[in-house]
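Colleague: Supplied in structure tokens, the structure appears directly below.
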Amino acid sequence: MRSHYCGALNRSHIGQQVILSGWVHKRRDLGGLIFIDMRDREGIVQVCFDPKYQEALTEASALRNEFCIKIEGEVIARPDNQINKNMATGEVEVVAKALSVYNVSDVLPLDFNQNNTEEQRLKYRYLDLRRPEMAQHLKTRAKITAFVRRYMDENGFLDIETPMLTKATPEGARDYLVPSRVHKGKFYALPQSPQLFKQLLMMSGFDRYYQIVKCFRDEDLRADRQPEFTQIDVETSFMTAPEVREIMEKMVHGLWLNTIGVDLGKFPTMTWQEAMERFGSDKPDLRNPLEIVDVADIVKDIDFNVFSDPANSSNGRVAVIRVPNGINITRKQIDEYTQFVGIYGAKGLAWVKINDINAGLEGVQSPIAKFLTTEKIKAIFDRTSAQSGDILFFGADKWQTATDAMGALRLKLGRDLGLTHLDEWKPLWVIDFPMFERDEEGNLAAMHHPFTSPKDFTPEQLEANPTSAVANAYDMVINGYEVGGGSVRIFDPKMQQTVFHILGIDEDQQREKFGFLLDALKFGTPPHAGLAFGLDRLTMLLTGTDNIRDVIAFPKTTAAACLMTDAPSLANEKALEELAIKTIM
């Protein structure tokens with residue numbers, strides 16, 4: 001039914017007889033001639049019907065867009081004045097000798113020549129995927145997974161499947177629950193990750209494991225999140241954190257080179273503390289040259305409580321972003337930026353425009369100038385490397401609030417002012433995260449997950465001072481996206497019980513939820529570490545789209561619904577009865 005793909009034809013095929021199968025992309029009737037653009041998954045080629053093959057020409061008059069057809073014909077060179085440099089096949093065309101119509105098409109509910117709403121695209125996803133750009137996204141995804149499998153196989157990793165129906169464990173998000181018909185009143189959980197199973201595989205002696213695996217999280221969705229997503233999941237025994245990072249960095253380096261021909265170079269490493277202080281984010285976008293600078297020590301004794309109060313607080317921060325040549329930012333824009341940081345809890349946004357850096361206070365324009373002395377403003381200029389023509393934005397609040405607000409402002413300024421180098425790739429590793437953080441109720445929670453090992457802490461030291469512990473964890477960040485994260489795991493049962501205890505999981509709950517893990521840790525568990533990459537997010541970056549749904553064949557909406565199949569749907573009453581479940585709505 002096919003000898004070649006449409007999009008694969010080129011000058012080397014001139015003179016060859018070919019059989020093509022695909023769809024009518026466009027049709028043009030020029031009187032005595034009919035041209036169509038014929039499309040398959042590999043691309044588009046122009047097909048010409050001319051009077052030499054009258055039967056095919058007559059049949060072609062009935063063709064319409066999206067008819068599914070077969071063409072038999074000869075590849076010829078296009079005349080020089082008809083070469084289309086915008087098409088991969090633009091130097092050739094196919095003269096059709098025979099035409100078969102596999103199937104006709106109704107008028108499409110989507111218009112491929114216009115921008116359709118995302119709702120329309122998701123409802124008719126099978127048609128949306130016919131678009132060349134969508135087909136290219138899925139081909140890139142397949143290329144990525146093929147490369148990953150090759151790399152992992154070459155480096156001695158075993159592809160081992162782990163269960164989909166498993167036990168609910170606290171991993172930071174709600175589980176999708178599956179009721180058991182056999183064990184009435186009991187539920188399986190769909191895995192948020194294969195975390196515990198891959199650790200158990202290390203205990204079983206499979207020292208290099210990987211899996212490209214579906215995971216599930218019932219959480220509030222964002223543009224780059226889905227309720228079901230795919231991980232490249234990795235675990236190793238007898239490897240240190242730097243060794244794990246090295247082998248995974250080589251994989252990602254090769255992936256970029258193989259997929260888009262980009263050399264990412266050596267990945268720099270930065271601590272979580274440095275990333276937060278300099279960039280206001282634990283996944284900094286290093287394409288943006290703006291940085292956050294602390295000035296609390298300079299302003300702690302000025303007569304301006306907005307600055308001096310957080311500057312003198314152990315939990316406060318006063319920070320500055322210098323925008324080079326930002327003096328022309330208008331008051332209206334400043335007001336908009338003030339509203340913007342308010343989204344992150346900031347109470348305001350102070351600013352200083354520098355007209356003449358050599359004139360001290362006389363050379364600045366600012367509503368806070370009256371609270372500053374010549375010495376203070378000079379110290380701030382020196383700290384921020386300010387120049388005439390710059391503007392300084394100040395954030396002052398609790399440390400986390402000021403950091404989050406200034407980090408978000410940094411990104412917005414970079415986008416708005418064209419400072420972020422969108423044509424660059426800036427990868428890095430972020431390491432040494434806090435072991436614990438406070439949740440909304442003020443309780444300690446694991447920043448990564450409760451199986452992450454602390455750095456250089458005994459169980460006794462961790463119990464005594466948990467908030468000072470640093471996790472032996474690491475995230476890979478590319479252009480402001482966390483593409484992968486992992487850690488060295490706890491392999492000592494006493495340390496694991498200590499972490500559970502700090503998290504408020506008592507001994508009875510430990511046995512109920514994690515008894516199998518605690519038992520396994522007693523039998524000669526090796527030191528082990530791992531990492532997981534988000535395949536969807538990697539593909540999103542490598543295809544250049546900003547919407548993760550563009551790289552998943554059949555994604556869900558932000559409301560976790562499938563518009564095409566109308567899932568989720570009401571369950572059959574008899575099925576619910578067999579499961580001993582009653583719905584209350």
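Using N, Cα and C of the backbone, Cβ positions are placed for all residues, glycine too.
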Colleague: Arg217, Asp218, Glu219, Glu482, Gly534, Leu535, Asp536, Arg537 show up in Swiss-Prot as binding ATP; which entry in Gln226, Gln496 does that record put in the same site?
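Modeller: Answer, per Swiss-Prot (ATP site with Arg217, Asp218, Glu219, Glu482, Gly534, Leu535, Asp536, Arg537), from Gln226, Gln496: Gln226.
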Colleague: Could you check which of 43-46, 195-198, 247-250 is flagged in Swiss-Prot as region 'Aspartate'?
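Modeller: Checked against Swiss-Prot: region 'Aspartate' maps to 195-198.
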Colleague: Look at the binding-site residues Arg489, Arg537 and tell me which residue has the greatest number of other C-beta atoms within 10 angstroms of its C-beta.
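Modeller: The largest 10 Å Cβ neighbour count belongs to Arg489.
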Colleague: What is the pLDDT of the region 'Aspartate' (195-198) when averaged and given as a whole number?
Modeller: 96
Colleague: Against which stretches of its own chain does the region 'Aspartate' (195-198) lie, if we need a Cβ under 8 Å and a gap of at least six residues from its ends?
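Modeller: That would be 162-163, 166, 169, 171, 209, 211, 233, 235, 449, 451, 514, 517, 530.
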Colleague: By CA-CA distance, flag whichever of Arg217, His448, Arg489 among the binding-site residues is nearest to Arg537 (ATP binding site).
Modeller: Arg217
Colleague: How many Å lie between the Cα of His448 (L-aspartate binding site) and the Cα of Leu535 (ATP binding site)?
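Modeller: That comes out at 19 Å between the alpha carbons.
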Colleague: Among residues Arg217, Asp218, Glu219, Gln226, Glu482, Gly534, Leu535, Asp536, Arg537 annotated as binding ATP, what is the maximum Cα-Cα distance? Answer in Å.
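Modeller: About 20 Å separates the two most distant Cα atoms.
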